[in-house]
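Engineer: Pasting the relevant annotations from TrEMBL:
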ACT_SITE  220  active site, nucleophile
BINDING   248, 249, 250, 251, 271, 272, 273, 274  substrate binding site
SIGNAL    1-22  signal peptide
């Protein structure tokens with residue numbers, strides 16, 4: 001009986017020790033937190049500041065309103081030509097938009113993809129979130145939904161997007177995203193027809209899939225807002241890849257690929273080569289890394305490593321935030337990756353921070 005009691009006491013003591021250690025660890029992280037917080041990919045400081053302003057409005061400011069206003073600001077400003085109307089025309093010269101919002105409290109999502117003739121992609125995504133039981137609406141049907149919700153159809157084409165299309169066609173439609181077709185896509189424009197290639201020939205075609213991803217090419221605004229009470233929203237908005245094949249959708253509106261949020265642990269947003277990133281769900285992988293005990297930077301790095309093991313010429317980045325407001329980032333295929341962040345009390349201002357990345361470190 002005494003032996004049993006001693007064992008029980010030891011077990012109880014060990015349990016208490018574990019819990020004390022866990023509590024100390026929790027307090028250590030908690031003491032380091034700085035909430036509320038707004039963070040987003042790239043040096044889109046106007047978007048960050050707009051979200052921060054809404055978040056700090058009293059008494060009505062909230063994380064969802066802040067996220068939507070931040071991404072909408074980028075859409076209106078056509079951030080770097082990669083967000084909003086008039087950028088990244090497809091092969092037919094049309095700009096289409098993708099956007100997503102994820103609510104970390106209940107895992108609900110509203111998203112649109114291939115949205116045509118509607119400028120306010122992130123607001124349409126919010127209407128999907130709040131007024132439907134669906135997750136994702138696409139194409140012209142998504143535009144019809146937007147009209148029912150009160151949005152107006154209008155052309156997303158600008159003189160700049162027309163110039164981009166004409167220059168591309170004058171350059172024999174280079175670069176493009178076609179493989180195993182004729183006429184030879186590295187030399188001529190389409191229309192194309194499929195051909196069958198031997199494996200050795202196919203490898204030569206696959207080598208064409210090396211595109212340099214950066215601020216002005218093939219990126220997204222991904223934003224995370226953590227309210228003072230710990231409510232987390234993550235969102236994205238983009239006009240996709242320039243010269244994409246019509247109908248193409250990248251990672252931005254795909255849950256777990258472009259963004260992911262969970263109030264229990266944190267959130268992540270991605271930017272880069274969406275055709276590759278959506279195959280690995282890097283935002284989800286990063287959030288699950290937080291759940292496993294990794295720091296935000298470690299979670300981002302591990303997620304990037306999984307991609308580079310298969311695509312060594314991949315370019316992209318992740319921004320990750322835990323629920324306490326600790327944040328980090330990782331990137332690959334670029335020299336450095338900027339992101340915009342502001343946190344703490346309402347007097348704080350948006351700043352741009354950088355993470356430096358070398359492809360070799362992931363190989």
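Every residue gets a Cβ built from N, Cα and C, even glycine.
Map these features onto the structure and tell me what's around them.
Structural biologist: A 10 Å cutoff on Cβ-Cβ distances gives residue 220 (active site, nucleophile) a total of 34 other Cβ atoms nearby, all chains included.
Taking the Cβ of residue 249 (substrate binding site) as centre and 10 Å as the limit, one finds 21 other Cβ atoms among all the protein chains shown.
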Engineer: Taking just the CA atoms, what is the gap between residue 249 (substrate binding site) and residue 220 (active site, nucleophile) in Å?
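Structural biologist: Cα-Cα distance, residue 249 (substrate binding site) to residue 220 (active site, nucleophile): 13 Å.
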Engineer: Over all pairs in 248, 249, 250, 251, 271, 272, 273, 274, the listed substrate binding residues, work out the largest Cα-Cα distance in Å.
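Structural biologist: So the maximum pairwise Cα distance among the substrate binders is 16 Å.
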Engineer: Roughly how many angstrom lie between the C-alpha atoms of residue 250 (substrate binding site) and residue 220 (active site, nucleophile)?
Structural biologist: 10
Engineer: Does anything in the same chain, at least 6 positions from residue 248 (substrate binding site), have a Cβ under 8 Å from its Cβ, and if so what?
Structural biologist: 90, 177, 240, 241, 275
